[in-house]
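Novice: A single structure is presented below for examination.
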Amino acid sequence: MIDATLFPTSATWCYVRTSVRSHDLSNYEALHPLEKSLVSRATDVRKAEFGDARWCAHRALEDLGKHDGGPILRGDRGMPLWPDSVCGSITHTGGFRMAVVAPSLLVRSVGIDVEPAESLPAGVFEEIARPGEYPQIERLRQAGVECADRLLFCAKEATYKTWFPLTHRWLGFDQAEIDVREDGTFISYLLVRPTPVPFISGKWVLSDGYIVTSASVV
């Protein structure tokens, strides 16, 4: 179940569930023209997920009292450009779209990711995991988290989305070692220097066939 404990206390969020390959363009068509132009050449499936995710972002900003009516455009590496004094993150996968925002006076950065709660394709885990992460993933599997490998991937994605707005630098899968715990938390130890923070903390949950991760620096 997704609830407030997954995010910083000052954050607001919104999510929607759809069919896995939804073609519903109603939220896309309601976007600001500059937002629509970001994916104007995309397929209807891509437009639908983009429109739904931006709709979530606008609703989250409204709940935070920070919605100025303007478009949410893209910055470096596709990261959303939020209004002044706001940080946030957007994620989407087949059937699930989500956004979270927070006041930047209270939260320096926040990142979220959503993935289907199923194992990674063959060979992908070995590409993303550091040697020190193998034992904990096996422990999670033994505890019944069959999608533990994708959970690690999801935690790394949320970590990167939190890291990039702070540094405007790339963070590879091997540049953070993630301690994913059975209690629904994780800590990402950053292995690059210089770094503004030594680690990024986060939380995870399995909800209705999806993995949801949230990371933040306060």
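For all residues, glycine too, the Cβ spot is worked out from N, Cα and C.
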Novice: From LEU64, LEU140, LEU171, grab the residue that TrEMBL records in the same CoA site as ARG46, ARG54, THR91, HIS92, ASP113, GLU157, LYS161.
Specialist: LEU171
Novice: By a simple count, how many Cβ atoms lie within 10 Å of the Cβ of LYS161 (CoA binding site), its own Cβ left out?
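Specialist: 26, counting other Cβ atoms within 10 Å of LYS161 (CoA binding site).
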Novice: Pick out which of the binding-site residues ARG54, HIS92 has the most other Cβ atoms within 10 Å of its own Cβ.
Specialist: ARG54
Novice: What are the sequence-distant neighbours of LEU171 (CoA binding site), meaning same chain, six or more residues apart, C-beta distance under 8 angstroms?
Specialist: THR159, TYR160, TRP163, PHE164, LEU190, VAL192
